Every structure is written in structure tokens, then in C-alpha cells.
Amino acid sequence: MDPVDPNLEPWNHPGSQPKTPCNKCFCKVCCWHCQVCFLNKGLGISYGRKKRKHRRGTPQSSKGHQDPVPKQPLPTTRGNPTGPKESKKEVASKAEADQCD
């Protein structure tokens, strides 16, 4: 490796800057163009100013999206309609009857 002139600034050293300028292309070659391109394009890290995302205004026809919810039929219950408490009592009474036999 050739010795570098000590009076030269680091950013002016030979090979410190690419021969072509950076562009907005995201292809594999352009992602490896320089360290800045690699950070921005390859890794998606940018320390620049963030752009504001514009919020879309609500259309005039909609009133705050306050549409009524359509009524749905109640779900039908399956199994024993009397509930689990009475079924436990029935099981207990059957168990007592079996013990007596």
C-alpha cells in the first residue's frame, strides 16, 4: 500500500471517495457504492430529517364513521339449556343411585 501524504486531509486521501456520485438507485451494486449508500440503502438507516406523513382528511360525505352496527341474531346455545349446575346435581344423584344397587 502506498504511503499517504500526512498533510492531506482524510477525506481527500486517494480512494476515500468513490469516483461516481451517489444516486437514488437501490440495486445491489448501488447499495455497495460507498459507506453512506450502504447505511442508507442497504440497512435502511438514515439520520437525516424525517418527512412528515400527511394525514388524509375525512370525506365530507362520511360523518365521522358513525355508521350503526347491524343487529345480529343471538347465538343459539348448544347442549343442556338448564345449565351446568343442574347437570352436576343429576350426575351426583345418578352416582348415589348406582352405589345403592
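Cβ coordinates come from backbone N, Cα and C, glycine included.
Annotation comment: Swiss-Prot describes CYS22, HIS33, CYS34, CYS37 as Zn(2+) 1 binding site. Counting every protein chain shown, the number of other Cβ atoms lying within 10 Å of the Cβ of CYS22 (Zn(2+) 1 binding site) is 13. In this structure, CYS22 (Zn(2+) 1 binding site) belongs to neither helix nor strand by DSSP; it is coil.
The compositional bias 'Basic and acidic residues' annotation in Swiss-Prot covers 85-101.
Taking Cβ-Cβ distances under 8 Å and a sequence gap of 6 or more within the same chain, ARG52 (asymmetric dimethylarginine) has no neighbours at all. Feature annotation from Swiss-Prot assigns asymmetric dimethylarginine to ARG52.
Swiss-Prot lists 1-48 with the feature region 'Transactivation'. This prediction places the mean pLDDT of the region 'Transactivation' (1-48) at 81.
Sequence annotations record features per position, and here Swiss-Prot assigns region 'Interaction with human CREBBP' to 1-24 based on sequence analysis.
Residues or ranges marked as region 'Cysteine-rich' in Swiss-Prot (evidence: sequence analysis): 22-37.
Long-range contacts of the region 'Core' (38-48) within the same chain: residues 26, 30-32, each at least 6 residues beyond the stretch ends and with a Cβ under 8 Å from a Cβ of the stretch. Under the heading region 'Core', Swiss-Prot lists 38-48.
Residues or ranges marked as region 'Disordered' in Swiss-Prot: 48-101.
Sequence annotations record features per position, and here Swiss-Prot assigns region 'Interaction with the host capping enzyme RNGTT' to 49-86 based on sequence analysis.
Counting every protein chain shown, the number of other Cβ atoms lying within 10 Å of the Cβ of HIS33 (Zn(2+) 1 binding site) is 18. Counting residue by residue with DSSP, the region 'Core' (38-48) contains 5 helix, 0 strand, 6 coil. Those residues of the chain, other than CYS22, HIS33, CYS34, CYS37, with a C-beta within 8 angstroms of the mean position of the Zn(2+) 1 site C-beta atoms are PRO18, ASN23, CYS30, TRP32, GLN35, VAL36, PHE38, LYS41.
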